[in-house]
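The structure appears right after this line, and notes come after that.
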Amino acid sequence: MIHTGEKPFKCDICDELFSESGTLKRHVRIHTGEKPFKCDICDERFNHSGTLKRHVMIHTGEKPFKCDICDERFSDSGNLKRHMRMHTGEKPFKCDICDKRFSDSGSLKRHMRMHTGEKPFKCDLCDERFSESGTLKTHIRIHTGEKPFECEACDVKFTDSSTLKKHSRIHTGEKPFKCEVCDKRFTRNDSLNIHTRIHTGEQPYKCEVCDKMFSQSGSLKSHIRIHIGEKPLKC
């Protein structure tokens, strides 16, 4: 049936069709909330045996999937596939509002909240809201003072792994983000994005007072001082 495209198995709840009964059975658990597969280490439960298998690798540290380009390893093939798009530059997921493209569906979903303003994750300590659960988790460490990620080269500690990863490039000299126009390389993706605006002429930051446009948020911030009476730099 996979080859013929036939999908004879239908979900009675949402009418989605499937080619195999087993796939339908797993799908139904989304509706019922059933999670029959339990991790023996931490007791977390899952609705699919494959999800449990990937989860267990968090405990074991197993990372069987390796990138052939940079040798970074991953616990599941999906993460490796998304990682490969960093090297290939492939961005198959497009925002229908602003046409910005992304390498994975999760990034697109998070990006959409920028347009909708949705912030579903709230800090119980200060009521600040966030568009991503990971950002909330990192934010909570401001309250707790927790810095679980330590640099092995200089022992500086960080609240999140991505900041540690960016910091580590100071020691390694790694610059994985390359400008496709002039081949200049950068340690951070956001630095590449800012640089790219030199070539594209994009100026996404607008002064609400005089409508002047800027390529960097810092430049806009410096410009606004003219309007509020601060003049540390001539605009």
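Numbers here mean position along the shown chain, with the first residue as 1.
Even glycines carry a Cβ here, placed using N, Cα and C.
According to TrEMBL, the feature domain 'C2H2-type' maps to 9-36 (among others). Summarised as a single figure, the pLDDT of the domain 'C2H2-type' (9-36) averages 89.
Here TrEMBL flags 37-64 (among others) as domain 'C2H2-type'. Away from its own ends, the domain 'C2H2-type' (37-64) comes close to residues 26, 29-30, 73-76 of its chain (Cβ-Cβ under 8 Å, at least six residues beyond either end).
Summarising the annotation, TrEMBL assigns domain 'C2H2-type' to 65-92 (among others).
Annotation source TrEMBL lists domain 'C2H2-type' at 93-120 (among others).
Marked as domain 'C2H2-type' by TrEMBL: 121-148 (among others). Outside the domain 'C2H2-type' (121-148) by six or more residues, the chain places 110, 113-114, 157-160 with a CB less than 8 A from a CB of the stretch.
For the domain 'C2H2-type' (149-176), DSSP puts the residue distribution at 12 helix, 4 strand, 12 coil. Positions annotated as domain 'C2H2-type' by TrEMBL: 149-176 (among others).
Counted with DSSP, the domain 'C2H2-type' (177-204) comes out as 12 helix, 4 strand, 12 coil. Annotation comment: TrEMBL describes 177-204 (among others) as domain 'C2H2-type'.
Counting residues 6+ beyond its ends, the domain 'C2H2-type' (205-232) has Cβ neighbours under 8 Å at 194, 197-198 in the same chain. Look at TrEMBL and you will find 205-232 (among others) tagged as domain 'C2H2-type'.
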